[in-house]
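Record features, source TrEMBL:
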- 13: active site, proton acceptor (ACT_SITE)
- 41: active site, proton donor (ACT_SITE)
- 141: active site (ACT_SITE)
- 12-18, 40-42, 305, 331-333, 413-415: GTP binding site (BINDING)
- 13, 14, 15, 16, 38, 39, 40, 41, 130, 144, 224, 239, 303: IMP binding site (BINDING)
- 13, 40: Mg(2+) binding site (BINDING)
- 299, 300, 301, 302, 303, 304, 305: substrate binding site (BINDING)
Ligand code: IMP
């Protein structure tokens, strides 16, 4: 029996939704452990499309327990809307199927306002965030002034917490030229939403401990990608949470041995949304073609994604920082028909060859990718369900990726359809 953590191994948008859904069918409990509704996971089940942002992917499957862990930042109004939308698609969501950690920090309307105000301020401050208040909410968590789910249960505590947050935020808002926050209005709104959130609130760490002791299979569902990790990503152009696999334990309240298999989701090429370094980015017809064929537009913001060649150097880095045991390779079919395909194997920094991306922004900006060029394949890989269905050129590409990143392919996804998947190793190992 193995508990599995799924993380994005690049800058997010690797196609986690399908893989998480595929695995959640085999799991008993599905846990979100970081991020918030900046995520966008699209699931296609029997032709029905479900778009999830804050809810764990397990909610659409009967008989599963879905958990929002303490590592997440939660916008309660968004969550209620998302629950309603998913319920309208015929999915049952009850306190027996969805639990929210009582110690989960809340994203409040002023977090979103602050996020967007900063983004709009100057080019120097711009990160290209999703504008959903993720960063400001995490700042408040670390600053010990955030309002948490459990605080909704008691009016006096809630008022105290709001006052504590407002001391900081009103000072900040005045500097940014924003109106002070309407304290009583905010408390009233929180009191109104509380009864819709509190039935789901639980000491989730206990539930998970129990599930672990009972030998239930737990799937930890990561959002974003390891290159957006607050510590190991391309700082400051990152999200505000730890995205790497170690966060699965901290963000849910289970010990570090809770995860026995870490699966990195890896797209066969690279994309990124928002600002920040992207060594293999393409500004030519090949980049356009990757974007068009891969439908590279954000699920959450609709923004056009930047596209480029596969960066094996960065994924090798992610494999190390997340302790990846295997990868799920997605969207290989987008490369069908390319005459030549490039893979970045390292960087050149002033004539020196590096096998990692340096941390300093200045050095990063002087790094140029070192490419290995491979012959493409003309046949289609779309919908392949076994290695035998794949053209020789595609197999060669996959094998070379495994070699370069030092991590084997456990799953190969060949279309958005769940059955178009080649299974090499079952991460749940049974
Ligand atoms: P934030 O998470 O909204 O603060 O945005 C910070 C950075 O992370 C920006 O570059 C976003 O585009 C990026 N980001 C956040 N969530 C996702 C995601 O789910 N997929 C891809 N990029 C994301």
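Cβ atoms here come from the backbone N, Cα and C positions, even for glycine.
Annotations in TrEMBL come from automatic prediction, not curation.
Since the structure is predicted, the reported quantities are computational estimates derived from the model, not experimental observations.
DSSP gives residue 18 (GTP binding site) a helix state. Taking 13, 18, 38, 141, 224, 305 as the candidate recorded positions, the subset whose CB lies under 6 angstroms from any atom of ligand 1 consists of 13, 38, 224. The binding-site residues examined here are 12, 15, 40, 302; by Cβ neighbour count within 10 Å, the least packed of them is 302.
If you count neighbouring Cβ atoms within 10 Å for each of the binding-site residues 42, 224, 299, 301, the highest count belongs to 224.
The binding-site residues under consideration are 38, 130, 300. Their Cβ neighbour counts within 10 Å are lowest for 300. Taking the Cβ of residue 303 (IMP binding site) as reference, residues of its chain lying under 8 Å away and at least six apart in sequence are, in sequence order, 273, 274, 297. Separating the Cα atoms of residue 12 (GTP binding site) and residue 304 (substrate binding site) is a whole-number distance of 14 Å.
Inclusion criterion for the binding-site residues 15, 18, 299, 304: a C-alpha placed within 10 angstroms of the C-alpha of the residue listed as 'active site, proton donor'; this criterion is met by 15, 18, 299. DSSP assigns the residue listed as 'active site' to a helix. Of all the binding-site residues listed here (15, 40, 42, 224, 414), 40 has the Cα closest to the Cα of residue 300 (substrate binding site).
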